[in-house]
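Visitor: So Swiss-Prot says this about it:
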{"type": "ACT_SITE", "residues": "Asp99", "note": "active site, nucleophile"}
{"type": "ACT_SITE", "residues": "Tyr206", "note": "active site, proton donor"}
{"type": "ACT_SITE", "residues": "His267", "note": "active site, proton acceptor"}
{"type": "DOMAIN", "residues": "24-274", "note": "domain 'AB hydrolase-1'"}
Amino acid sequence: MRHRQIAVRDTTLHVAEIGSGGTPVLLLHGWPEFWATWLPLMNRLHDQFHLIAPDLRGFGDSEKSAVPRSDVGANSHADDMAALLGALGLESVGVVGHDVGAYAAQALARRHPQLVDRLLFFNCPTASVGGAWVHHGHVNEVWYQSFQQLGLAEALVGTSRETCALYFRHFLEHWSHRKDAFEPAFELWIDNFMKPGNLRGGFDWYRSQNALRLAAIDGHPTPSVRIHQPTRVHWGRHDPILKSEWSAFVPEHFDDARISFCESAGHFVHVEAPDEAADVLAEFFGGR
C-alpha cells in the first residue's frame, strides 16, 4: 500500500494506492467512512487492478478546513477528483462510489465525462429520492442529517473517545445487516474521527447538501444530465438509510444501468459482503 499527499485545487488530498497493473479504479467512500473502508476490496483485488482510494476533502488524512463549510458538496468533490486524476496522469478510470462517494461519482461523470469509463455503485442515491427521505417509516432514520449541521454536534460527539465511539457504533451497526462487520476495524474508525477536524469534515457534507435535499423533498430536485457510461449498481437489500427500493429511481438518471442486490448486506456491501463485492467489481471492470 502506497500513501501520498497530493495537492489539488485549493487543498491537499491523502491517497492510498495499491496495484500497479490493470485497469485503474477510483474508489470513493461515504460517511461515516474514509479510505480504509475499501481495504477489504483492495486486499482482494490488488493483483488485478490499480486501486486508488482517496480521502475526500475534509475526511481522513486529507486537509481540513479551519471552519465549518457549506460549499463542499458533490460538485466540489467531483472537481477535486478530476484534478487528482490529472495529477496522477490518468486519462480515464473506472469509478466505484458508495453513499457520499456515489453522489461524487455521479457528479464526476456529468462534469468530467471524459475521465469516467464506467461506474459501479454499492447503493446509488439520486435526486429522485426526493420526498421519500421524509416518508413515514423513514423520517426517523435521517435525524443525524440535521443534527450534524449544528455547531454543537462536533463538540458533543468529540467530547471524548467514548462519546465518539458511542456515536459511530450506532451507524456502523444499525446500518449494517451483518452487525459485526466493522468490529475488527472499529478502533481504527475511532482513531480516524478523533483526529482534529475529522468530525467537521464529514459534517460539512450535510451542511453542503442541505439546500439541495430540502428542494428535492419539496419536489424541486436539481435538474441533472443523464449519465451515459455503462453503470452497475449492487445495492444492499437490507440498507435502512438508502433503501434498496430506491433503486427504482436509477433508470431516471442513467442510460445503461444494470441493477442487482446483495441479499446478505445492508448499507456497507463492500465491508459486509467483501467476497461478493469483489466479484462484482472484478467482473464489471474486466479483472476476471
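Here the Cβ of each residue, glycine as well, is placed from N, Cα and C on the backbone.
Source: prediction; values computed, not measured.
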Visitor: Across the whole of the domain 'AB hydrolase-1' (24-274), what does the mean pLDDT come to? Round it, please.
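Guide: Here the mean pLDDT over the domain 'AB hydrolase-1' (24-274) amounts to 96.
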Visitor: Return the residues near Asp99 (active site, nucleophile), defined as same-chain residues 6+ apart in sequence whose C-beta is under 8 angstroms from its C-beta, sorted by sequence, else 'none'.
Guide: His29, Gly30, Trp31, Glu33, Asn123, Pro125, Leu242, His267
Visitor: Can you name the residues of this chain that are 6 or more positions from Tyr206 (active site, proton donor) yet have a C-beta less than 8 Å from its C-beta?
Guide: Tyr144, Gln145, Ser146, Gln148, Gln149
Visitor: With H, G and I counted as helix, E and B as strand and the rest as coil, say where DSSP puts the residue listed as 'active site, proton donor'.
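Guide: Reduced to three states, the DSSP call for the residue listed as 'active site, proton donor' is helix.
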